[in-house]
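I have placed the structure first, in the form of structure tokens, so that the comments after it can refer back to it.
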Amino acid sequence: MASIGALKFSLYLLLCLLNYLPFSQGKKNWNDEYPFIRRASSLGSSPKSGYDYIIVGGGTAGCPLAATLSQKFNVLLLERGGVPFNNPNVSFLQNFHITLADTSATSASQYFISTDGVLNARGRVLGGGSSINAGFYTRANPRFIRKVGWDTKLVNESYPWVEKQVVHRPKFSDWQRAVRDGLLDAGVSPFNGFTYDHKYGTKVGGTIFDRFGRRHTAAEFLASANPTKLTVLIHATVQKILFDTAGKRPRAKGVIFKDENGKQHQAFLGIDRQSEVIVSSGAIGTPQLLLLSGIGPKSDLQKLNIPVVLDNQFVGKGMADNPMNTIFIPSKRQVQQSLIETVGITNLGVYIETSSGFGQSKDSIHCHHGLLSAEIGQLSTMPPKQRSREAVEAFVKSKRDIPVEAFRGGFILSKVASPWSTGELKLINTNVEDNPAVTFNYFSHPYDLKRCVEGIRLAIKVVQSDHVTNYTLCDKENAENMLNISVKANVNLIPKHPNDTKSLEQFCRDSVITIWHYHGGCHVGKVVNSEHKVLGVDRLRVVDGSTFSDSPGTNPQATVMMMGRYMGLKILRDRLGKLAGI
């Protein structure tokens, strides 16, 4: 019996070891699987030309797009960040919060703060947002697909291609089960089980984390590329798009980018008129790059001495972010970490989701909380100019008054679907590495505020359900006490109103945060046409969420990944017809 026990213990240790090995160990080195990925400096000093497609941004859409186009054409993919494969903060679910907490210049996550005062993040790594997000995978609302005018047959070919390579069924923790049952008791029914589809009621979605808690990012789509026709350069920061302006219409001809050593390089398209520069830099990076390249409102460009290639007043306009508010759920028992798995898709115009176990230790409320932390000066209870070191230290000390149980449990998240409030993105300088000024104007439209209030009321019902309280072993709190715990946490830079927990409207305004589902800035019909080609310019296209006037559903990652594959197939079939062969 002793030997059997020893064997079981050894197997347990082996499983643990496999689970926590760096991504590049326990399997062949990533360089062997992706021999076409190189540092930007490897391109050499002379300009390189003859590419059929130059894709700017190796993110959630850029990677599947590059993998698809490389089946038939020579593709150069330029990514400003590094690789995710050997970065444990990216690769493991348990380190999810650490990447967001890393505000260094080399972090996979580049933080930015909107002018509204909400802290946010954008990917700076191959795989883009799929390398730093919470991993939830669910398809778009069918109404979204119809609205954007995509070919349903091709969409239904493209989603499974994504799912086969990177998507998994979640373990489904006891926490998620308790919230699921609480949602059903609160009337968010029926229960639709495990499904990728967008269905009203309560469901369990997919995840890009496998059963060992290892993340599978969009970068892994590159494994299905044609390695002889694809070049991927990392640490390649594109400064601007180059144009030939000699003809009647400006025509994209290439890009200028900097390598990891700060040296400039140029890359050019081939002579074929159908060759293109495709920008897939995300809802922040894409409008920013178009503006820096001279496409945007003429008066704004001239103020920064940017030569005007095309006057388009709509670049950077219509920026939107789905406002989210959270309620902390205290727990007397230690809760296993889980990210988004359960979602309630309501008829109120809000989505209810949950996560748990973010605590770094049993005393995590006393710890440094990274991007949302007073310790790095992001003190939401005071205006920016009053955030002295003494004030920050005082707030860190006051955090000890928040019960440890508040961070031992989890969160109920209420997200407004399809926000009507919109804002804009504007350059503050001509340095592409600096964040532009982004304004989302949360709750500027009263309908968004109305839906937020309804979402908070529903979330309170879920928290107070027997399923949740029986699991957390905590007594039912009244609504005001729950909101008080939530609003004390420093979640944004918006000064708090004294009535924030007595008025749900004020609570929504004061405690609004992001769930990283921002979109817009290059809308179809205003900046690009229905084929995503930039209006008024030849050989330039945009493929990412900046073209969305709405978020695809509960979470956009599945649809942005699918979009990369979809647009790649569409470009190949439009250009080659039956010769595309895929």
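Each residue, glycine too, has its Cβ placed from N, Cα and C.
Small disclaimer: the values here were computed from a predicted structure and weren't measured.
Feature annotation from TrEMBL assigns signal peptide to 1-26. Residues annotated as FAD binding site in TrEMBL: Glu79, Arg80, Val125, Val238, Trp516, His517, Gly545, Pro556, Gln557. Marked as domain 'Glucose-methanol-choline oxidoreductase N-terminal' by TrEMBL: 282-296. The disulfide bond annotation in TrEMBL covers Cys452-Cys508.
Projection of TrEMBL feature records onto the structure.
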| residue | record | contacts (Cβ under 8 Å, 6+ apart) |
| --- | --- | --- |
| Glu79 | FAD binding site | Gly57, Gly58, Gly59, Gly62, Val125, Leu126, Val232, Leu233, Ile234, His235, Ala236 |
| Cys452 | disulfide bond | Pro323, Asn325, Val350, Ser414, Val416, Phe443, Leu504, Glu505, Cys508, Val512 |
| Trp516 | FAD binding site | Asn120, Ala121, Gly129, Asn133 |
| Gly545 | FAD binding site | Ala61, Gly282, Ala283, Tyr518, His519, Pro556, Val560 |
| Gln557 | FAD binding site | Thr60, Gly129, Ser130, Asn133, Phe136, Tyr137, Ile208 |
Cβ neighbours of Val125 (FAD binding site) where a neighbour is any other Cβ within 10 Å: 28
Residue distribution over DSSP helix, strand and coil in the domain 'Glucose-methanol-choline oxidoreductase N-terminal' (282-296): 11 helix, 2 strand, 2 coil
Stretch-averaged pLDDT - the domain 'Glucose-methanol-choline oxidoreductase N-terminal' (282-296): 98
